[in-house]
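Shown next, in structure tokens, is the structure this report addresses.
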Amino acid sequence: MAEQSESPVESIMEKISEKIHHHESSSSDPESDSDKKPDPSESMKAKIWRLFGREKPVHHVLGGGKPADVFLWRNKKVSAGVLGFITAIWVLFELIEYHLLTLVCHILILSVALLFLWSNAHTFINKSPPCIPEVHLPEKLVLQVASALCVEINSAFAGLRCVAAGKDLKKFLMVIAGLWVLSIVGTWCHFLTLFYICFVLLHTVPVLYEKYEDKVDPLAEKAMFEIKKQYAVFDAKVLSKIQVASLKAKKV
């Protein structure tokens, strides 16, 4: 009788707490501790909860290689140069309201004029003519970029199709909430400003998280537990009733 009187919300909350803190129950058993002593490194890995359930370092999460080195400030000169260049572009187009086509045309006019004058006046100024390199895009690189973009776009379309088909209510609500937030942010600033904000966040948040991850992860664990708790309540009170109503409608 006591088990039947428990509400579904409490049972869901117990499952969530057991899933997040399952390592505490195993470490608190004295008989298991006396029978076999675990490796200290494995026990430390089991106790540490990482954000988004990751098991690899931040450098590997960001893809590794040179882009991850830039975002994590492995080479401070390169990272500062990239951030300064993007900042200059943002100031030029957003604050000064310079246009991209005008800028490209002015740069090409200046470059072509200087090279033309230098090529025709090198005999008078006793200097060698300018060495103009041949610039061409490698076909293999272009095909790789196009293939990667095609895979990502197709996966996005497949995800949207799955959401629109009504197979996953949780994913549907997440997509709607994300698009709604983006629509609100779009009214606050232009696309270039939004891109610049995201770029600055990529240059600051990962390196700060990598430096203070031992302090951030416990706070993130508490926040994730609270989010799961609220979602369990919402699922028990709202989503379950919607699913039951939809099943009844299909039967009718």
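From the backbone N, Cα and C atoms, a Cβ is placed for every residue, glycine too.
These numbers come from a predicted model, not from an experiment.
TrEMBL lists 67-250 with the feature domain 'Reticulon'. Here TrEMBL flags 18-41 as region 'Disordered'. Residues annotated as transmembrane segment in TrEMBL: 78-96, 103-121, 172-202.
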Same-chain residues at least 6 beyond the ends of the transmembrane segment (103-121) with a Cβ under 8 Å from one of its Cβ atoms are 92-93, 127, 129-130, 132
So what's near the transmembrane segment (172-202) in sequence-distant terms, Cβ-Cβ under 8 Å and 6+ beyond its ends? 71, 83, 86-87, 90, 93-94, 160, 163, 166
